[in-house]
Amino acid sequence: MTIKVGINGFGRIGRIVFRAAQERSDIEIVAINDLLDAEYMAYMLKYDSTHGRFNGTVEVKDGHLIVNGKKIRVTAERDPANLKWNEAGVEVVAEATGLFLTDETARKHITAGAKKVVMTGPSKDSTPMFVRGANFDTYAGQDIVSNASCTTNCLAPLAKVVNDNFGIVEALMTTVHATTATQKTVDGPSHKDWRGGRGASQNIIPSSTGAAKAVGKVLPELNGKLTGMAFRVPTPNVSVVDLTVRLAKPATYEEIKKAMKAASEGAMKGVLGYTEDDVVSTDFNGETCTSVFDAKAGIALNDNFVKLVSWYDNETGYSHKVLDLIAHISK
């Protein structure tokens, strides 16, 4: 049975979710809402500076998209309550505008005829967050959920493997994060975050992130044990988590590597990857795993204090997991 999905917001994540859906037989995108006109949406879908050309045909007919021969309804509504998702057969909405991240605002999609909503960013209220490889099994039928953030999707599986095998006393995370759309090409106004307003291509910019604390929401046993920060760096895509951990149970770095490798081949296959190659960030462009453990990059001071490194394509990996969550809540 194919799940019919609508996308609200055709920005970076909306478009990569769309591309990822073309690789699946269980999910079909039937409607897109964005304030862009259809011709421009088609152009943005066809050509991507980071991920290359769209693998398929994209046309516009009567104001709607025709992708690989299938019509996709296009609308330009500001208020989600007016979207009439039911008329397009939409069952689940991928809420990708970044604007409707509370139960109250996202519920407008339900009012408009959808059955369920997946937010493609961390919720700003108590809406539950689900991360594949961490807490999918706790889903209890909620109609509005969040896929958390790309960084939480990298960190949570890594932290879970460490905690399940060795226990985490406390940990600090740094994500070295690629540039995103909220940053400035040259210095510009950013009243809430002065550093964030500095030119993205010229600077390494320290920034805050709620990703580590969010792990405490998806893995309650780690609540209060993790916090973190970010450095925004002048690369277009692919980020890396540096997790410094004090272990409850002593373990050699070799033992940690074995645990990661076993998880990547077992319960976390498709979520957690493992590599012993001499990799750099561009090697992970297009990576669908949300966390790839870099065995060669990590270090240990002793058997209780270690630094672990894990890579993620902050666009592709995350977008694939949005679809995994849509499929999971539709069972």
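Cβ coordinates are placed from backbone N, Cα and C, and glycine is handled just like the others.
If you check Swiss-Prot, you get these features:
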type     : residues                                               : note
ACT_SITE : CYS150                                                 : active site, nucleophile
BINDING  : ARG12, ILE13, ASP34, ARG78, THR120, ASN314             : NAD(+) binding site
BINDING  : SER149, CYS150, THR151, THR180, THR209, GLY210, ARG232 : D-glyceraldehyde 3-phosphate binding site
SITE     : HIS177                                                 : site 'Activates thiol group during catalysis'
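Feature map: Swiss-Prot annotations on the structure.
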| residue | record | DSSP class |
| --- | --- | --- |
| ILE13 | NAD(+) binding site | helix |
| ARG78 | NAD(+) binding site | coil |
| THR120 | NAD(+) binding site | coil |
| SER149 | D-glyceraldehyde 3-phosphate binding site | coil |
| HIS177 | site 'Activates thiol group during catalysis' | strand |
| THR209 | D-glyceraldehyde 3-phosphate binding site | coil |
| ARG232 | D-glyceraldehyde 3-phosphate binding site | strand |
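Taking the centroid of the Cβ atoms of SER149, CYS150, THR151, THR180, THR209, GLY210, ARG232 as the D-glyceraldehyde 3-phosphate site, the other same-chain residues with Cβ within 8 Å of it are THR175, HIS177, ALA211, ALA230, SER239, ASN314. Ranking the recorded positions ILE13, CYS150 by C-beta neighbours within 10 Å puts CYS150 at the top. In the three-state DSSP scheme, ASP34 (NAD(+) binding site) falls into the coil class. Put simply, HIS177 is the one of the recorded positions ARG12, ASP34, ARG78, HIS177, ASN314 whose Cα lies nearest to the Cα of THR209 (D-glyceraldehyde 3-phosphate binding site). If you draw a 10 Å sphere around the CB of ARG232 (D-glyceraldehyde 3-phosphate binding site), it holds 24 other CB atoms from the protein chains shown. Fewest Cβ neighbours within 10 Å among the binding-site residues SER149, ASN314: that distinction goes to SER149. Annotation for the binding-site residues THR120, THR180: lowest Cβ count within 10 Å of the residue's own Cβ, THR180.
Non-local contacts of ARG78 (NAD(+) binding site) by the CB criterion (under 8 A, 6+ apart in sequence, same chain) comprise LEU35. Candidate binding-site residues: THR151, THR209. Fewest other C-beta atoms within 10 angstroms, THR209.
Among the binding-site residues THR120, ARG232, ASN314, the ones whose Cα sits within 10 Å of the Cα of CYS150 (active site, nucleophile) are THR120, ASN314. A sphere of 10 angstroms centred on the C-beta of ASP34 (NAD(+) binding site) encloses 22 other C-beta atoms. For the pair SER149 (D-glyceraldehyde 3-phosphate binding site) and THR120 (NAD(+) binding site), the C-alpha distance works out to 7 angstrom.
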